[in-house]
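As given in Swiss-Prot:
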type	residues	note
BINDING	ARG84, GLU127, TYR140, GLN208, CYS209, TRP210, PRO211, PHE212, PRO213, HIS214, SER215, ALA257	substrate binding site
BINDING	CYS114, CYS117, CYS132	Zn(2+) binding site
BINDING	ALA174, GLU194, GLU235	divalent metal cation 1 binding site
BINDING	GLU190, GLU194, GLU235	divalent metal cation 3 binding site
BINDING	GLU190	divalent metal cation 2 binding site
DOMAIN	141-264	domain 'Nudix hydrolase'
MOTIF	175-196	motif 'Nudix box'
Amino acid sequence: MAHPERWTTAVLDVEADGGLAVVQSDQGFLLDTNGAMFPRGWLAGLDLPVQSEHGIGYFEGEPVYLLVLERSVAVEGCSWQGLRQFMLEGDFAVFQMLGYAAQVSTWAREHRFCGACGRATVQIRGERAMFCEHDNLRLYPRISPSMIVLVTRGDEILLARSPRFVTGMYSALAGFVEPGESAEDCVHREVMEEVQVRIKNLKYMGSQCWPFPHSMMLGFHAEYDSGDIVPQAEEIEDARWFHIDDLPPLPANRSIARYLIEAYLAERSGAPEPVLPG
């Protein structure tokens with residue numbers, strides 16, 4: 001028997017009564033000792049500086065709404081926590097919900113005005129879209145497809161680090177898909193651009209929503225074909241082959257990057273394959 005999803009997205013009517021709500025400001029999401037969801041009626045009594053409200057779905061059957069604040073404010077007994085911290089710890093279903101909420105918030109903030117004429121937009125009832133009446137344009141949440149690939153050579157894996165990474169951490173190669181390009185073409189191009197290596201036997205492994213701010217990560221495994229590593233200037237601080245028994249600090253456990261690495265380690269050792277987060 002299939003288990004129902006704890007979190008499901010939906011476009012809910014903000015005029016409806018009741019339900020729960022999550023609250024986002026420039027400091028992250030509101031949190032207390034019970035979590036990041038609050039009774040909607042209780043929040044209404046706090047006189048929060050709400051910029052917009054959105055019905056985003058159901059968590060364990062309860063309707064959930066998003067309140068986007070104009071600025072962060074102090075709420076007694078509560079604190080603000082960034083989205084990445086929710087990813088690293090706690091209930092992963094809650095992170096999935098907040099990740100969706102963050103993307104809705106980004107979309108609503110970036111599409112308050114039409115990009116064609118500059119006029120104010122309105123949210124379409126029953127649809128996740130903003131509308132410009134003047135240009136008859138519907139503006140939907142942005143999703144940016146990107147690839148991430150683990151390149152392997154026997155008992156070695158190719159890992160790299162960006163100057164933006166946490167000190168010492170290495171990860172799989174990644175990059176955004178260009179217009180007119182397939183995900184597979186993107187993998188070959190990005191690997192060549194970033195490390196000057198050719199790959200073969202490309203295999204799709206799975207995908208993960210990456211709401212920082214709106215990526216869809218498409219995960220791949222590839223085998224090394226030819227070429228010596230030459231890191232791309234300014235983009236890649238270091239790249240090298242690591243033996244699977246001597247790896248550097250790796251990405252967070254709940255990331256698709258970590259899954260690709262753990263899946264290959266399991267394959268080499270004969271251990272059970274890990275589960276892709278999300």
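Keep in mind that glycine also has a Cβ here, set from the backbone N, Cα and C atoms.
Distribution of Swiss-Prot features across the structure.
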residue: ARG84; record: substrate binding site; Cβ within 10 Å: 12
residue: CYS117; record: Zn(2+) binding site; Cβ within 10 Å: 10
residue: CYS132; record: Zn(2+) binding site; Cβ within 10 Å: 20
residue: TYR140; record: substrate binding site; Cβ within 10 Å: 12
residue: ALA174; record: divalent metal cation 1 binding site; Cβ within 10 Å: 22
residue: GLU190; record: divalent metal cation 3 binding site; Cβ within 10 Å: 22
residue: PRO211; record: substrate binding site; Cβ within 10 Å: 21
residue: PRO213; record: substrate binding site; Cβ within 10 Å: 15
residue: SER215; record: substrate binding site; Cβ within 10 Å: 19
residue: GLU235; record: divalent metal cation 1 binding site; Cβ within 10 Å: 15
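Computed over the motif 'Nudix box' (175-196), the whole-number mean pLDDT of the model equals 98. Here the C-alpha separation of TYR140 (substrate binding site) and CYS132 (Zn(2+) binding site) works out to 12 Å. Secondary structure at PRO211 (substrate binding site), as computed by DSSP, is coil. In the shown protein chains, 21 other C-beta atoms lie within 10 A of the C-beta of GLU194 (divalent metal cation 1 binding site).
Closest to CYS114 (Zn(2+) binding site) in space, going by CA atoms and restricting to the binding-site residues GLU194, CYS209, PRO211, is PRO211. Using Cα positions, the member of the binding-site residues ARG84, GLU190, CYS209, PRO211, PRO213 nearest to ALA174 (divalent metal cation 1 binding site) is identified as GLU190.
For the motif 'Nudix box' (175-196), the DSSP-based tally of helix, strand and coil residues reads 13 helix, 2 strand, 7 coil.
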